[in-house]
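Copied from TrEMBL, the annotated features are:
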DOMAIN    30-265  domain 'Deacetylase sirtuin-type'
ACT_SITE  HIS149  active site, proton acceptor
BINDING   CYS157, CYS160, HIS175, CYS178  Zn(2+) binding site
Amino acid sequence: MKLFVKKDKQLKKNCLFALFQSYIILFYEVVKMEITVDQAVEAIKKSSKITFLTGAGVSTPSGVPDYRSLQGVYHGIEAPEYLLSNECLINEPEKFYTFVKHLYHTKAQPNVIHRVMAEMEETKQVSVVSQNIDGLHTASGNQRLVNFHGSLYNCYCRNCGQIVAWNEYLTSDRHVTCGGQLRPDIVLYGEGFDEGVIQQAVQAVRQAELIVIVGTSFQVHPFCDLVYEKNNHAQVIVINKTPIYLASDYQFVQTDGTAVFQQLN
């Protein structure tokens with residue numbers, strides 16, 4: 001199955017997912033096998049070609065909040081998706097800027113999950129495809145990294161296109177050189193994805209013999225569609241506090257990611 005070839009194919013796929021989501025929820029026990037932390041650790045140790053698909057739960061141990069939990073970024077905020085939209089950026093830039101600044105956690109440091117993934121690159125063929133925009137995978141030293149939704153720490157001017165330092169952006173959202181509006185290079189609601197980024201992510205999944213999904217509810221398209229690009233023999237392990245819903249077999253470890261990666265440290 002080849003995804004992301006044409007926009008209309010992706011839209012059709014998303015609609016199909018919405019239609020049979022309830023079916024998966026009803027019967028996910030059939031395709032989900034629970035395993036222990038030790039079994040997950042052993043599977044990761046044995047594999048030489050691994051792709052990690054990571055979400056906000058990977059960074060919460062570093063003090064970076066997730067989005068939708070009671071302690072999350074969106075909690076108590078009306079229409080948070082609008083505040084992270086291209087529409088808000090253009091029409092209400094001050095409101096956008098005020099909200100986005102709260103997403104920066106400049107003192108956060110990579111935790112054991114980030115560090116172990118980076119260290120594995122020395123002995124295995126490891127790729128990381130992350131939804132996170134917090135820059136912690138980059139800070140940990142990951143080289144084969146796809147920031148699927150971009151990074152808060154890459155900023156540029158919408159007017160002249162010049163790249164600017166993130167700390168300059170946190171001082172002002174106006175470019176000192178041309179007066180244009182600055183923004184972080186992240187995918188906003190209402191924006192399309194860079195085709196090159198998508199192809200890098202798809203390639204990383206196709207090359208893996210083990211897909212490890214960590215710290216994500218795996219509900220955001222098209223990120224959650226990536227797993228269906230895996231080869232037929234690839235194993236899928238999910239490390240998360242709650243089950244996710246896939247239309248293919250997977251092994252599930254119900255735990256915080258640190259429990260697994262501390263044993264891999």
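Including glycine, each Cβ sits where the backbone N, Cα and C put it.
Caution: TrEMBL annotation is automatic and unverified by curators.
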Task: Listed in sequence order, residues with CB under 8 A of the residue listed as 'active site, proton acceptor' and six or more positions away - done: SER130, GLN131, ASN132, ILE133, ILE186, VAL187, PHE223
Task: List of residues, in chain order, with Cβ under 8 A from that of CYS157 (Zn(2+) binding site) and at least 6 apart - done: VAL164, HIS175, THR177, CYS178, GLY180, GLN181, LEU182
TODO: Determine which residues of the same chain, besides CYS157, CYS160, HIS175, CYS178, have their CB within 8 A of the center of the CB atoms at the recorded Zn(2+) site, and list them by sequence.
DONE: ARG158, ASN159, GLY161, GLN162, THR177, GLY179, GLY180, LEU182
Open item on the list: Applying a 10 Å Cβ distance cut-off over all chains shown, what neighbour count does CYS178 (Zn(2+) binding site) have?
Closed with: 13
TODO: Quick one: give me the count of other CB atoms within 10 A of the CB of CYS160 (Zn(2+) binding site).
DONE: 12
